[in-house]
Amino acid sequence: MTTSQLLAYVAVLLFYFSRASCLDTFVAAVYEHAVILPSTTLTPVSREEALALMNRNLDLLEGAITSAAEQGAHIIVTPEDALYGWNFNRESIYPYLEDIPHPQVNWIPCDNPNRFGHTPVQERLSCLAKNNSIYVVANIGDKKPCNASDPQCPHDGRYQYNTDVAFDSQGKLVARYHKQNLFMGEEQFDVPKEPEVVTFNTTFGSFGIFTCFDILFHDPAVTLVKDFHVDTMLFPTAWMNVLPHLSAVEFHSAWAMGMRVNFLASNIHYPSMKMTGSGIYAPNSPRAFHYDMKTQEGKLLLSQLDSHPSHSVSVNWTSYASSIEALSTGNQEFKGVVFFDEFTFVELTGVTGNYTVCQKDLCCHLSYKMSEKRSDEMYALGAFDGLHTVEGRYYLQVCTLLKCKMTSLNTCGDSMETASTRFEMFSLSGTFRTQYVFPEVLLSETKLAPGEFQVSTDGRLFSLKPTSGPVLTVTLFGRLYEKDWVSSASSGLTAQARRIMLIVIAPTVYSLNW
């Protein structure tokens with residue numbers, strides 16, 4: 001056998017071996033963690049005190065990781081801020097940080113814990129992965145020294161990053177991601193100089209990772225799917241629910257469907273700050289999700305997913321809406337505010353109907369039939385086409401059918417968790433100028449509706465059967481990333497909204513790390 005023949009033979013063997021060793025499905029786990037917070041956060045504690053608190057939280061994570069592995073999970077995702085909470089400044093977070101090297105160093109902390117200094121948190125996470133033969137994804141803080149030769153070096157001589165890490169089933173560090181889009185109030189952390197796109201491959205698919213508030217922006221979230229073609233997204237988060245459109249399970253499941261990827265979302269469990277909502281989402285439907293505002297306990301979720309979900313479905317989000325004439329409204333338009341954005345609404349006055357509402361370039365079309373038209377509930381169809389500028393700058397095009405808080409027009413857009421009206425059918429579409437549209441269907445008491453709706457290739461979000469519960473909202477949430485930095489003059493409520501946000505919501509929201 002010649003050398004070339006031998007090499008060809010080896011290549012064929014390697015090909016078939018790799019095919020045989022790859023899995024078509026895998027078991028995913030996410031853990032919604034009831035975090036133990038430090039007694040004080042604005043005054044720096046000793047490193048020993050910081051480690052003691054993190055180990056208490058790691059004890060809880062260890063129980064979830066061990067249980068997940070015993071149930072056959074290949075990978076588990078744990079939340080953002082799970083080891084130490086929030087409400088820090090730059091000085092008070094420092095005792096909780098470790099120097100996290102780049103994964104290219106080929107390091108198993110469990111086997112060589114002192115290779116990069118004192119890193120007990122990374123050592124413990126590595127050992128949890130190795131001893132349980134499971135991939136472990138966690139969120140910790142990274143510190144990197146810098147000096148005066150770096151013009152961006154902070155005054156204290158170090159960079160501090162909100163960081164996700166992943167350890168493989170042998171305990172090796174395989175991913176390190178520094179959060180790009182910091183939420184308001186994350187003054188304890190720095191933004192990396194360049195957006196990081198972090199992926200890693202396994203025998204059960206390719207994975208990308210980003211954190212919380214990142215999901216609302218193009219980089220790195222969209223880039224991971226569009227340019228790197230990952231199969232599954234890993235998403236540690238500390239997410240506070242904001243109804244009607246940004247509840248955790250609602251928006252995260254919609255993002256998975258809109259981007260055609262698996263999505264593993266692990267949230268903090270802290271109901272007093274509206275933090276709950278974790279899930280395992282396939283591109284076509286949620287597989288497991290958890291939303292609980294009543295108890296204080298954490299929750300482990302597991303589900304089987306396809307290792308390589310199909311990305312082939314292409315939706316033209318403006319096709320259908322652009323092909324039909326404006327539907328008769330039969331009533332007058334009015335304005336309403338949804339999370340500080342001024343929507344244009346029309347009221348749904350009958351048990352069945354066809355409606356159109358427009359704002360700027362966006363026209364939203366709705367056909368529907370209610371199970372009954374209740375006198376004590378009001379629904380409206382709304383459109384928003386503009387720049388949202390309150391806790392971040394992001395340009396939206398949104399078509400939404402939603403329940404108003406009360407039977408007065410000025411409550412349409414207010415946060416609402418319960419409803420009584422079921423819908424026999426609905427079909428919602430819009431003249432979107434973006435391919436990035438996320439379909440949401442949320443039922444009363446913040447429940448999802450798996451298997452009850454579908455998106456057509458011509459851009460319609462429509463029901464497959466009567467809804468299993470009363471409807472809170474049916475929404476097409478579109479993002480025009482390229483317009484995120486247009487003049488804020490087009491967003492009429494910006495200044496007023498920001499003032500209200502700081503006065504009313506900031507005491508709760510300001511410390512959260514979306």
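The chain as shown is numbered from 1 upward.
Every residue, even glycine, has its Cβ placed from backbone N, Cα and C.
Per TrEMBL, the features are:
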ACT_SITE  E80  active site, proton acceptor
ACT_SITE  K179  active site, proton donor
ACT_SITE  C212  active site, nucleophile
DOMAIN    31-307  domain 'CN hydrolase'
SIGNAL    1-22  signal peptide
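The Cβ neighbour count for E80 (active site, proton acceptor), using a 10 Å radius over every protein chain in view, is 30. Shown in sequence order, Y161, N162, T163, D164, F189, F210, T211, C212, F213, D214 are the residues of the chain, 6+ apart in sequence, with a C-beta less than 8 angstroms from the C-beta of K179 (active site, proton donor). All protein chains included, C212 (active site, nucleophile) registers 29 other Cβ atoms within 10 Å of its own Cβ.
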